[in-house]
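Asker: I grabbed these lines from Swiss-Prot:
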BINDING   His4, Glu179, Met180, Glu181, Ser203, Asp204  purine D-ribonucleoside binding site
BINDING   Gly20, Arg24, Arg43, Arg87, Ile88, Gly89, Thr90  phosphate binding site
ACT_SITE  Asp204  active site, proton donor
SITE      Arg217  site 'Important for catalytic activity'
Amino acid sequence: MTPHINAKIGDFYPQCLLCGDPLRVSYIAKKFLQDAKEITNVRNMLGFSGKYKGKGISLMGHGMGIASCTIYVTELIKTYQVKELLRIGTCGAISPKVGLKDIIMAIGASTDSKTNRVRFLNHDLSATPDFELSLRAYQTAKRLGIDLKIGNVFSSDFFYSFETHAFDLMAQYNHLAIEMEAAGLYATAMELSAKALCLCSVSDHLITKEALSPKERVESFDNMITLALEMMS
């Protein structure tokens, strides 16, 4: 048990899917897993373990932003020995290369957060995912006929007050979208010798101002959930 997770040791499987929204974690457990069991609920941040096609897998919410995400990731790795962490979330696109409903694999994560500079003695950390997980995601997407978009994301500490004038510059550097956690997830996994990857479904396009309806968001997210579970099974 940790200050933020009240699961017993052994309740988490070595592979864990992460979502910012705990209700989305509950949704995945009920719709996609067999024998799903709630294993933690501190602060209503839910976690489940169950089976997908006979293989054990866990789910955990992590809240919003790098600070919240890295707390849960650290405790999952250090206390519960989780080895592979796959974040599935939504993002806002900033590049003409991607559109609504596209699934992005973040092969790098820049950030306006200071956390990685603090942990890396004020140097620039290359926050990148695990290659093996990335390869599995790519191969699984090919098998499922999913056109996976591959590029960098920008993990921002800001949801509303963001430097919109920087979008063109980010797109020039092959940043496809804005989200809020990948840079912290990757850095924590690197520090603690775990494997991590972030997949994001495009729910809004920050340049064209397009946005999915609530129904379309669910359908789009279901495709990413299937990809995530298939690559981990």
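Positions of Cβ are set from backbone N, Cα and C atoms, glycine also.
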Asker: Which of Arg24, Arg43, Arg217 (the recorded positions) has the most other Cβ atoms within 10 Å?
Answerer: Arg24
Asker: Please find, for His4, Glu179, Met180, Glu181, Ser203, Asp204 as listed binding purine D-ribonucleoside, the greatest distance between any two Cα atoms, in Å.
Answerer: 31
Asker: Relative to the Cβ position of Arg87 (phosphate binding site), how many further Cβ atoms are located within 10 Å?
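Answerer: Within a 10 Å radius of the Cβ of Arg87 (phosphate binding site) lie 26 other Cβ atoms.
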Asker: Report the largest Cα to Cα distance, in Å and rounded to a whole number, among the residues Gly20, Arg24, Arg43, Arg87, Ile88, Gly89, Thr90 that the record lists as binding phosphate.
Answerer: 22
Asker: Are there recorded positions among His4, Glu179, Glu181, Asp204, Arg217 that sit within 10 Å of Gly89 (phosphate binding site), Cα to Cα? If so, list them; otherwise say none.
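Answerer: Those close enough are Glu179, Glu181.
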Asker: Rounded to a whole angstrom, what is the C-alpha distance between His4 (purine D-ribonucleoside binding site) and Arg24 (phosphate binding site)?
Answerer: 18
Asker: Provide, as an integer number of angstrom, the distance between the C-alpha atoms of Ile88 (phosphate binding site) and Glu181 (purine D-ribonucleoside binding site).
Answerer: 10
Asker: Just counting, how many other CB atoms are there within 10 A of the CB of Ser203 (purine D-ribonucleoside binding site)?
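Answerer: I count 20 other Cβ atoms within 10 Å of it.
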Asker: Which binding-site residues from the set Gly20, Arg24, Arg43, Arg87 come within 10 angstroms of Glu181 (purine D-ribonucleoside binding site), judged by C-alpha positions?
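Answerer: Candidates kept after distance check: Gly20, Arg87.
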Asker: What three-state class does DSSP give Glu179 (purine D-ribonucleoside binding site)?
Answerer: strand
Asker: Using a 10 Å radius around each Cβ and all protein chains in view, which of these binding-site residues has the most neighbours: Glu179, Glu181, Asp204?
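Answerer: Its Cβ has the most other Cβ atoms within 10 Å: Glu181.
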Asker: Around the Cβ of His4 (purine D-ribonucleoside binding site), how many other Cβ atoms lie within 10 Å? Please give the count over every shown protein chain.
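Answerer: Counting Cβ neighbours of His4 (purine D-ribonucleoside binding site) within 10 Å gives 17.
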Asker: Taking DSSP as the reference, which of helix, strand or coil describes Arg217 (site 'Important for catalytic activity')?
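Answerer: Assignment for Arg217 (site 'Important for catalytic activity') reads helix.
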